[in-house]
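Colleague: Could you have a look at this structure, given as structure tokens, before my questions?
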């Protein structure tokens, strides 16, 4: 098989673009074209104001954009010219119909498969980059072969191949993950000569900058399942320590000390043991729901129930945190100004998909609180869109200055662990707030002792007060 010289990346989002930028940077002889049917997004990728923030991405993108990295809305042309097509489109859960809320909605995938078949003059190597359910590659192959306009006689020079190459990079750290991945997984149909050749061609691209020892070859189904399971395990770990945070608050224990004590055990490790208001983001919840559906589809209800409990614990943690705010503020927050610091689902990203801030804010708005929200990377319109109905927009104000958000507030609620919030002058903040001035630290980010010395009433997560003897 000839070396790959042209790659088409379908999907100009969080999965497609960081990977495309990295490939273009590491492989200057390969032309990489990112395509999307969202013209505004494609236009933004050609400007100085990118559609989303990812640390370290913009300088690298600017080095290769217009050199061997291009953005286009002409999906058919990019597919036709490519040797390899990377599919990075979204896979949300179904909103209606059977198994709504859990089953994956693959309409975008089927549509892309049909576009690939219609636009291709020769068979392509197609690579699944987004997280998809088991057997998606088989389905995609069947759709493409059934709709291909390629003459059967030309297949003597190759064959349609679908590989699985799941994206393990972390948002907020995606460029580093792309440059030095812990592993690259390539799933290939076993016993298929053409597929094995295609897998070697894909591996050869990665070998330009990734050690061979980190490139893992597996069967298709294992690769498709691995990313989903990885996210489920990480979410499970967060929910596990959050469940213990509730117990700590009741008993007077400190969840930080508990997590440190168990984390030094090498069998457990330290990562993902920070108690918080809960997990968010597009991956964890969506992939957990897909996993629950998959288990129940294969008649494993006990397994599905086990993984569904991770979701239920996360919902409980968000409700518990919000209810505690109301309880500590004399059970009434109606018409009180509350400063919300952080709206992105985690620091170093502008992504608000499934952010815990949406649920916490909606809980507080149901109590008719007035919210003043600040986030250093999330645009005001990206926040406001979540509160556009039922008159909620009259209760929500977005500030570009965290001090303005806190001015006159009865409470400061920290929901995203942005480093900049550590640098705030909290004495200045205290002077402008209503008394008593509350801080609810949903990430255990701040120095609670120092804040109490200033005069704040501080509540963290899993930071219990010992029960009284009464």
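Yeah, the Cβs are placed from backbone N, Cα and C, and that goes for glycine too.
Look at TrEMBL and you will find 283 tagged as active site, nucleophile. The feature NAD(+) binding site is assigned by TrEMBL to 36, 41, 91, 131, 353. Sequence annotations record features per position, and here TrEMBL assigns substrate binding site to 227, 272, 273, 274, 275, 276, 280, 346. Sequence annotations record features per position, and here TrEMBL assigns domain 'UDP-glucose/GDP-mannose dehydrogenase C-terminal' to 339-448.
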Colleague: For the domain 'UDP-glucose/GDP-mannose dehydrogenase C-terminal' (339-448), jot down how many residues DSSP puts in helix, in strand and in coil.
Modeller: 41 helix, 20 strand, 49 coil
Colleague: Measuring Cα to Cα, how many angstrom lie between residue 276 (substrate binding site) and residue 36 (NAD(+) binding site)?
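Modeller: It is 36 Å, counting Cα to Cα.
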Colleague: Specify the nearest of the recorded positions 36, 131, 283 to residue 227 (substrate binding site), where nearness means the distance between Cα atoms.
Modeller: 131
Colleague: Can you tell me which of the recorded positions 36, 91, 131, 283, 353 is spatially closest to residue 346 (substrate binding site)? Compare CA atoms only.
Modeller: 353
Colleague: Pop the mean pLDDT for the domain 'UDP-glucose/GDP-mannose dehydrogenase C-terminal' (339-448) in here, whole number is fine.
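Modeller: Mean model confidence (pLDDT) across the domain 'UDP-glucose/GDP-mannose dehydrogenase C-terminal' (339-448) is 97.
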Colleague: Going by a 10 angstroms cut-off between Cβ atoms, which of the binding-site residues 227, 353 has the sparsest surroundings?
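Modeller: Sparsest of the binding-site residues 227, 353 by Cβ contacts within 10 Å: 353.
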Colleague: Name the one residue among 272, 273, 275, 280 whose Cα is closest in three-dimensional space to that of residue 41 (NAD(+) binding site); these are the binding-site residues.
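Modeller: So, of the listed binding-site residues, the one sitting closest to residue 41 (NAD(+) binding site) is 280.
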Colleague: Residue 36 (NAD(+) binding site) to the residue listed as 'active site, nucleophile': how many Å between their Cα atoms?
Modeller: 21
Colleague: Within its own chain, what residues at least 6 apart in sequence put their Cβ under 8 Å from the Cβ of residue 274 (substrate binding site), listed in sequence order?
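Modeller: Same-chain residues close to residue 274 (substrate binding site) (Cβ under 8 Å, separated by 6 or more) are 241, 259, 443, 444.
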Colleague: Whole-number answer please: how many Å between the C-alpha atoms of residue 275 (substrate binding site) and residue 353 (NAD(+) binding site)?
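Modeller: Given the Cα positions, residue 275 (substrate binding site) is 20 Å from residue 353 (NAD(+) binding site).
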Colleague: Cα-Cα, whole number of Å: residue 353 (NAD(+) binding site) versus residue 272 (substrate binding site)?
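Modeller: One finds 20 Å between the Cα atoms of these residues.
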Colleague: If we count other C-beta atoms within 10 Å, could you say which of the recorded positions 273, 275, 283 has the fewest?
Modeller: 273
Colleague: Rounded to a whole number, how many Å is the Cα of residue 283 (active site, nucleophile) away from the Cα of residue 131 (NAD(+) binding site)?
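Modeller: Checking the Cα atoms of residue 283 (active site, nucleophile) and residue 131 (NAD(+) binding site) gives a distance of 9 Å.
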